[in-house]
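Working notes, beginning with the structure itself.
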Amino acid sequence: WDKDIMLIRLNKPVSYSEHIAPLSLPSSPPIVGSVCRPHCANINLLDYEVCRTAHPQFRLPATSRILCAGVLEGGIDTCHR
């Protein structure tokens, strides 16, 4: 869970800071479908504690580095379209 990478489209530009910076991607990424499967979905960003409370079975670590996103009712998240 911790330190995964995802792409999000922002509604407005951001200023770079200690916590916001460009990320260099590998020049030779893996073949799509071999180890990665891209998904696209319109989802909501949720408060991290909301995710921890809603899904105790996942035993999410107590860290603020995780971006909580999806639909609380289920069915759409990083693994499902």
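Any Cβ shown, glycine's included, is placed from N, Cα and C.
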Bonded to Cys68 via a disulfide in Swiss-Prot, from among Cys40, Cys51, is Cys51
Under 8 Å Cβ-Cβ from Cys51 (disulfide bond), six or more apart in the same chain: what's there? Leu60, Ile66, Cys68, Gly70
